[in-house]
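Among the features that TrEMBL reports, compositional bias 'Basic and acidic residues' is placed at 310-321. The annotation disulfide bond is assigned in TrEMBL to Cys168-Cys177. Feature annotation from TrEMBL assigns domain 'EGF-like' to 136-178, 258-299. Annotation comment: TrEMBL describes 300-321 as region 'Disordered'. Annotation source TrEMBL lists signal peptide at 1-25.
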Amino acid sequence: MRLPRRAALGLLPLLLLLPPAPKAAKKPTPCQRCRGLVDKFNQGLVDTAKKNFGGGNTAWEEKTLSKYESSEIRLLEILEGLCESSDFECNQMLEAQEEHLEAWWLQLKNEYPDLLEWFCVKTLKVCCSPGTYGPDCLACQGGSQRPCSGNGHCSGDGSRQGDGSCRCHVGYQGPLCTDCMDGYFSSLRNETHSVCTACDESCKTCSGPTNTDCGECEVGWVLDEGACVDVDECAAETPPCSAAQFCKNANGSYTCEDVDECSLAEKACVRKNENCYNTPGSYVCVCPDGFEETEDACVPPAEAEATEEESLKQLPTHEDL
């Protein structure tokens, strides 16, 4: 049924108030699903490690049913705990691959102790061994033993995806992550290892860890007698802050802060009993509530009345005139 135009327009504000639909969770890859199943299987091994039949006739159990350690009963207990009832994809994968897991458990685990390698890499072929990538599980840049020279992450590492290129860690660059970025220097480099260490904060480029090893100074520092030293912008001939602000120097920079005249050692408000209130770029002087304002002071009410009476007494009378 189609809503009348007026009714449809009335729904518009309600629709605008509704929260945006949540983004769909990224679907796990076949390799991630396989790894997850293997992780749960290995956890099941841990959870059942100390169990035994406990029937009292251990010799009979070992002879007839084999040791619990490698028994079918233990396998069934592990399989039953692999997937939550609501996890459709996990249960679907378990149902499809249960025979493979059973074959590995009963016949192959001694020959292939690494379940991930046998199950996900060799059998299902949805993952790769560490240090390899892509459909054919080729070696990552820098070799499968130390991809990206140990200073980065190989695209697709351990999966059937990616292109094997390196995404370098902070401080490193280059195809194999062996070169140092600006702000870092090479503290160790040989045929197998490259280590980049951060320069002093005053250096844009450097050959060592101190401010005397700079090749080029960072912005806010200047070369002085062979070292990069901080520029005091607040001491410049033309201060960077306005007249109503206080300039505070910092390493490589500065900040402009409002001056609080009321907190200065020399009082901004000089009349007796007067209150000082700071304002952006200025201040105001105000007498407290109930005080009378005079030229020289803020006078309490009683004192103001006495002063007025004294002034009246000093005025000439009619007789004096």
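Heads up, the Cβ atoms here are built off N, Cα and C, so glycines get one too.
Non-local neighbours of the domain 'EGF-like' (258-299) in the same chain are 242, 244-246, 307; each lies 6+ residues outside the stretch with a CB under 8 Å from one of its CB atoms.
For the domain 'EGF-like' (136-178), the residues of the chain that approach it from at least six positions outside its boundaries are 29-31, 121, 125-130, 184, 189, 192-194, 196-198, judged by C-beta separation under 8 angstroms. In sequence order, Gly142, Cys148, Ser149, Asn151, Gly152, Cys166, Cys168, His169, Ser194 are the residues of the chain that are 6 or more apart from Cys177 (disulfide bond) and have a CB within less than 8 Å of its CB. Across the domain 'EGF-like' (258-299), DSSP classifies residues as 3 helix, 17 strand, 22 coil. Around the Cβ of Cys168 (disulfide bond), 20 further Cβ atoms fall within 10 Å across all displayed protein chains.
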